[in-house]
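Participant: Mind looking over this structure? Questions follow.
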Amino acid sequence: MQGTPTFDYIVIGAGSAGCVAASRLVSEFGAEVLLLEGGFPDHHPLIHMPAGFVKMVFNPGRFLVNHVSEPQPALSGRRVGVLQANVIGGGSSVNAMTYTRGARADYDKWDDALGGVGWGWDDLLPHFIRQEGNQRLGAPFHGVDGPLKVSDAHHPPTRISRAFLLTLQEMGIPFTPDVNAGDERGATFIQSTTYFGRRCSAAEAFIAPLKGNPRLKIKFRSPALRILFEGDRAVGVEFSDQGKGVARAFARQEVVLAAGAFISPKLLMLSGIGPAADLSRLGIDVKVDLPGVGQNMQDHNDASIAVQTTANFGFSGEDRGRRMLANGLQYLLFRSGPVASTGSEVTAFLNPLSPGSAPTIQLYCVGTLYPEPGNKRRQPPGATLIANLVAPKSRGAMRLRSADPADAPIIDPGWLTRVEDVQELVGGVKFLRQVVNTRPFSDKVARVLLPDTLTSDEEIANYVRRVTGTNWHPVGGCRMGPASDPMSVVDPELRVRGVTGLRVFDGSIMPNIISANTNAPIMAIADRAVSLMMGTASLREKLNVNDNEEEAHD
């Protein structure tokens, strides 16, 4: 190690989880941390303007990487792209900023499967609270002075959003002022990770305050290639140093893997940790045979309805001509108006097939028609209504294409392979069609654009298979589980099984996907993971969950 840069901790990935981890290790524990990020700094103004989300997603540039799936038999053989962030802050720098936590039952289900060791709702809630600086909501479920700013929209809700919300109430879906208190059932105005009309990403919240701190070193455009070991202990990382060649860095204490749902399992496999037969076939020396690496992949999938409205009740045309100039000026002067919005202002959680039961569908109303790729024609005023499957039963997998870190992994997400998932989305689409035909929303609809002629459940199911995409929430490839689970990759302290000095802190550890947007839960997971690693929190001692070798900290 002589002459090689050495730190207390190396955090691989400066996404939502990596920013939380690096920040706490430096600011609270005085550790020297190397934060490796394969992507770019977040200097571009589109990142910080909420409406920039739409521009980035529909015109992906260097801040997003498109992971293209294998052909999906359940989606009429389509290959589907899954965009992932390529910038500091990760998903929190490019997402729609929706702040949702999921339901109490989501986390309690994790904890029950682990034997009740400390990953339930009551265990995670303090971590949500300590991170959050909520503009409107407070105790007992929300924090008001945390670094992650959460607020209502910095502009009045559009008429189409208000009509959508009122129509849901007419249909028996109650209004709830807070979907983040453990029971998310109902409809509400969205709170987002914004502050006075500006995105508050994990990079803004947790890393920007450390600017100039000599204990934190960030390397951009430096993707990790593999984890280095001495015996069974992780001691460092080999990485591509900004295109100048391969470099190494070492960790005195531990290596933290926070590279996201696709890259974290990929790095484990490149480092010899994964399904032994697959690794051997690629010529990779097997360090630990962990068949669960890359398995258990999950995501939220959606299907939508597009309607033309009788007038512009939302954001249609606000990005063109004089309206664009006026909106830009309003944003520059007051940080308000359409540029301060992602276009999605309201949401609802419900179970269309079993009303009153745990939500399986999340609804959105977006006050414009999503652009069609390559279509430059001006679109009519309209709205896009989205049914998002938040409790999927389908599972997928990913594996290495080769032993070359530069090769993209083979991603087979397995979307809609379980018939129950198709049925849930069919129920969601049918519910949205009821919305379209119910006042006051129906008063604003000129005609249904898509789908316009479907009648039977079979026809709607075929439509779902043709149009279903991703909500960009992939999780699960490094599953957390008890020692008795042969497919678990990390233990309840998020230590990789079979080795020491290596943990995974990101959404890939989720045993089951949360029934809401995943960004806030991933940051809470990382916060709890730091507490467990540093000994400021512990799992319940009555259970023998620490089945890896004990690790000491100086």
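Heads up, the Cβ atoms here are built off N, Cα and C, so glycines get one too.
Remember, TrEMBL labels are computer predictions, not curated facts.
Model, not experiment: these values are computed from the prediction.
Per TrEMBL, FAD binding site is recorded for VAL87, TRP472, HIS473, GLY507. Summarising the annotation, TrEMBL assigns domain 'Glucose-methanol-choline oxidoreductase N-terminal' to 85-108, 260-274.
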Participant: Near GLY507 (FAD binding site), how many other Cβ atoms are within 10 Å of its Cβ?
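Facilitator: Total other Cβ atoms inside 10 Å, all chains included: 31.
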Participant: Where the record says VAL87, TRP472, HIS473, GLY507 bind FAD, what is the longest distance in Å from one Cα to another among those residues?
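Facilitator: Answer in Å: the longest Cα-Cα distance is 17.
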Participant: Please name the residue among the binding-site residues VAL87, TRP472 whose C-beta has the most neighbouring C-beta atoms within 10 angstroms.
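Facilitator: Checking each of VAL87, TRP472, the winner is VAL87.
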Participant: In terms of DSSP three-state secondary structure, what is the assignment for HIS473 (FAD binding site)?
Facilitator: coil
Participant: Just to be sure I understand, if DSSP states are collapsed into helix, strand and coil, how many residues of the domain 'Glucose-methanol-choline oxidoreductase N-terminal' (260-274) fall in each?
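Facilitator: Taking the domain 'Glucose-methanol-choline oxidoreductase N-terminal' (260-274) as a whole: 8 helix, 2 strand, 5 coil.
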Participant: Including all protein chains displayed, how many Cβ atoms other than that of HIS473 (FAD binding site) lie within 10 Å of its Cβ?
Facilitator: 25
Participant: Under a three-state reduction of DSSP output, how is GLY507 (FAD binding site) classified: helix, strand, or coil?
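Facilitator: The residue in question, GLY507 (FAD binding site), is helix (DSSP, three-state).
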Participant: What are the DSSP helix/strand/coil residue counts across the domain 'Glucose-methanol-choline oxidoreductase N-terminal' (85-108)?
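Facilitator: Output for the domain 'Glucose-methanol-choline oxidoreductase N-terminal' (85-108) reads 9 helix, 3 strand, 12 coil.
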Participant: On average, what pLDDT score does this prediction assign to the domain 'Glucose-methanol-choline oxidoreductase N-terminal' (85-108)?
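Facilitator: PLDDT averaged over the stretch: 97.
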